[in-house]
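*Asks:* Annotations for this protein, taken from TrEMBL, read as follows:
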type     : residues : note
DOMAIN   : 56-158   : domain 'Methyltransferase type 11'
DOMAIN   : 202-286  : domain '18S rRNA (guanine(1575)-N(7))-methyltransferase Bud23 C-terminal'
REGION   : 212-289  : region 'Disordered'
COMPBIAS : 222-233  : compositional bias 'Acidic residues'
COMPBIAS : 250-272  : compositional bias 'Basic and acidic residues'
């Protein structure tokens, strides 16, 4: 895992001018970004009514994923913490608007103005404390909370993530659910070590869990080396997570006299000081004296 960029330096430092140009000029990375962005838009499940939507590209970098959004006929706003990456995007004359900012400090957008959001390989950066003031849980809380507010009701957000371990995956999921989102984790090619991709698909507002199928090795005629005999269908591995319901307080009404006497007796056996029983024990009080 030593080659993971988030373990080497903060994103605004790692993606300097040299690394930003190297990243954007790699044909391999451009192809991977295009495929991941297409898949993210597919999971976004925007209405096919020909109306352009206003999307947010979080961690937009040099605008590679934004180009895919433009090719699909939508408008977009890109956010990134690396000024060098955004400078390359300006030189490439991308069609979207660009914003320099740290998603861990919140997005600062007006409520309900975004129709959907995608992010390619960016959210896992928030799991690292690059400064003494950084607390991953609080940064994820600020990010998901501000994202929830700026999305329109019923809109989706799709994040392609590379969590380093299960702990990071659970931290990201937990903070998303606590912010009010519903949704789950979609895993493409779950049995392939090379092509496995994880997408966190969240819904703002009412939740309709309709994500059931995804890609497997047989969709693109892949070789037998990457496939597993355990794959029986095209179902993706998905953790269906909805916002946990608040625990209801037990209803104290309707407690009978026998129940109260039994509880008092149990308390006496434990050595507790319990008032003596009387004819008033268990009697329901009137609403007014």
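Even glycines carry a Cβ here, placed using N, Cα and C.
Just so it is clear, the model here is predicted, and its values are computed rather than measured.
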*Asks:* The domain '18S rRNA (guanine(1575)-N(7))-methyltransferase Bud23 C-terminal' (202-286): mean pLDDT?
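*Replies:* Averaging the confidence scores along the domain '18S rRNA (guanine(1575)-N(7))-methyltransferase Bud23 C-terminal' (202-286) gives 63.
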*Asks:* Where DSSP helix means H, G or I and strand means E or B, what are the helix, strand and coil counts for the domain 'Methyltransferase type 11' (56-158)?
*Replies:* 40 helix, 28 strand, 35 coil
